[in-house]
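Remarks on the structure that follows.
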C-alpha cells in the first residue's frame, strides 16, 4: 500500500526517523519491504540519508570551534553582572538517535532482502553510493557484506562509482577502504573519462585524500587524460586549488607540460583563473620549476609561428613574427593606454587603503594617551575590559602601521608592477584585522567606562565588539580547514 506519490508506510516511517514504527510495520507486513518511495528509492536509501542528516558532526575542529564559541558567550554573560539577559542556549544539536539503532534496522532489512543493497534509484545511486557520499565506513562494510563486491563497481547515470563519490567528497577513510580491498576500482572511468583522482583534484575538498590517491595511483593513470584531454593537474588548475596543485606538481611522475585538447597547459589555465593577481603566477612557477615544469612550445617561443604556403611550394615556410620592439611600437597607443588605466586604478585603490590605515593608526595612537582609567570599585568585568582594550588597541595600531609601511614601500618601487601588486595585496590583507581590533578596543573600553553607570549601554557596546571579535574566527577556521582537510 502506497500513497499518491508512491511512498509506502515503511518508507515514511524511516524518513521520519521513527524506527520503532518501522520495525513494527516490517514485522506486521513483511511484504512492505519491497515498496519504496519517491525517485524509486528503497528503505535503505532513505535510512542512510536520514542517519547521516541526524548524526553528529564528525569534524573535530568544527565541533571544537562551536563549543569554544558557546563557552565564550557564556563567559561573557557571566562577566556582565548588570545585564539582565541570560546566555543563549547552545545551538549544538544533540544526537537524537543512536547509530546502533539504525545499524540494527539496516541489518534486519538486509537479512530479509539482500538485493536491496544493489538497487539503484532514478539517479543511478545505490545505497553504497549514499554511504560513500556521507563517508560512513561502517554502513559500507555492512552493505558490501550483503551485496558482495560487485556493488562497489556499479556506476550511477553519470558513470560515477562509489570510489568516485567518496573521492569527490574527500572522505579519506572510505577511499582507503575501497582502494585497499578493491584496487581495480582505481581504473573505473565515469562518462567524462575521469578516474577517481581526476574527481578528487577537481573538487579540492581534501588534501589528505588527494595525497593518498596520488600515492596509490598506477604510473599509467597519473597522467590519464579525460574526454577533454585534461589530466588531474589540469582540473586542479581549473578551480585554482593550491592544496591539490602542490601535491600533484611535487610528484615527479606528473607531466607538467601536458596539454589538453584545447592546447592549454595547466599553468595557462591557472593563469586565467588568477589574472586579478598577476604576481601569483611567478610565485607558482618558482614553486613548480624544481619539479620539472616545462612551458608549452607556443609559450616558450612566442615570436615564431609556422605558416603553410600554398603558392606552388610544397614545403612550409617559417614566418617570423615582429620583434618585441616593433610590437611595442605598434601597440603604443592601445597597450600603453590600457596599462596606464590599470595602473591608475591600482594606485587609486592603494590610496584608499593608505587613507584607512592612516586613520586607524591615528585613532589608536590617540586612544592610548587618552586611555580610560580604572575607577575605584570597578568590578572584575570592568578590569578585564580595560586589559582587553589595551591589548586590542595595541594590535590595531601595530597592524595599521605595518599596512602603512607596505604602502610606502610599494609607492617607492611602483615601477615594478609585480612587487607593487604584492605589497598592496599584503597591506590589503592586514588592514581588515586592524579595523576589527579597533572596534574591539572601542567596545571593551566603552564597557570599562560605562558599565558602572550605564550597564545596558555598556552591554550593547560590548556585544558589538564580541561580534567583531568572533566574526573573523569562523571564516579563518574554514580557510584553514580547506587547506588541510
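Backbone N, Cα and C atoms are what each Cβ position is placed from, and that goes for glycine too.
According to TrEMBL, the protein has these features:
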{"type": "COMPBIAS", "residues": "317-337", "note": "compositional bias 'Basic and acidic residues'"}
{"type": "DOMAIN", "residues": "346-447", "note": "domain 'PGG'"}
{"type": "REPEAT", "residues": "123-155", "note": "repeat 'ANK'"}
{"type": "REPEAT", "residues": "158-180", "note": "repeat 'ANK'"}
{"type": "REPEAT", "residues": "192-216", "note": "repeat 'ANK'"}
{"type": "TRANSMEM", "residues": "354-374", "note": "transmembrane segment"}
{"type": "TRANSMEM", "residues": "386-408", "note": "transmembrane segment"}
{"type": "TRANSMEM", "residues": "429-451", "note": "transmembrane segment"}
{"type": "TRANSMEM", "residues": "457-476", "note": "transmembrane segment"}
*asked:* Below 8 angstroms Cβ to Cβ, which residues of this chain, lying six or more residues outside the repeat 'ANK' (123-155), approach it?
replied: 39, 42, 44-45, 48-49, 51-52, 58, 99, 103, 106-107, 110-111, 114, 116-117, 161-163, 165-166, 169, 171, 173-174, 177-178, 182, 185, 188, 190
*Tell me, what is the mean pLDDT of the domain 'PGG' (346-447)?*
70
*Can you count helix, strand and coil residues in the repeat 'ANK' (192-216) using DSSP?*
18 helix, 0 strand, 7 coil
